[in-house]
Amino acid sequence: MALVTTAEVCDANPQLIVSGEVRALQPIFKIYGRRQVFSGPVVTLKVFEDNVLVREFLEEKGNGRVLVVDGGGSLRCAILGGNPVVQAQNNGWAGIIVNGCVRDVDEINGCDIGVRALASHPMKANKKGIGEKHVPITIAGTRICDGEWLYADTDGILISKMELSV
């Protein structure tokens, strides 16, 4: 898809919004990383204060996908840091959405990848490897399933059941 703003997607697809096929996440995320506009198929992950599975996913080839991590909204530690973000950039991930915190913000902001998170926090996460992959998650008031499409820009984040064009 050519670079199209989320506002243009909303304006061009009112019927998809009414039907729930296109949903907007609540505007709770801060913008990190150099890529402010990104989109791609969603991969979901559910963890809590543990980043082992996050790192494992980002070690795989991204192929333009977006990792959406439900970190339970925890503000007690960071579940994503600079090293995994550099790896994600190098492995071709389009972006990472974290319902939780990040750290190493300066390093993340130097990467050509889109990152959204609730906040930054200096404390690191646990390393137990506990979580669920490829499961439906609900973050920012929106249910998100593996394989849906995510569109993000400076106006916000949209989730669509299918790839969109305007």
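Backbone N, Cα and C atoms are what each Cβ position is placed from, and that goes for glycine too.
Please treat TrEMBL annotations as automatic predictions, because they have not gone through curation.
The local packing around R103 (substrate binding site), expressed as other Cβ atoms within 10 Å of its Cβ over all shown chains, amounts to 20. Here TrEMBL flags G81, G82, N83, P84, R103 as substrate binding site.
Neighbour list (D104 (Mg(2+) binding site), Cβ cut-off 8 Å, at least 6 residues apart, same chain): G81, G82, N83, V85. As annotated by TrEMBL, Mg(2+) binding site applies to D104.
As a whole number, the greatest separation of Cα atoms within the substrate-binding residue list G81, G82, N83, P84, R103 is 11 Å. Remark: of the binding-site residues G81, G82, N83, P84, the most isolated position is N83 (fewest other Cβ atoms within 10 Å of its Cβ). Surrounding the centroid of the Cβ atoms of G81, G82, N83, P84, R103, where the record places substrate, the chain contributes additional residues within 8 Å, namely A78, L80, V85, V86, V102, D104, E107, I108.
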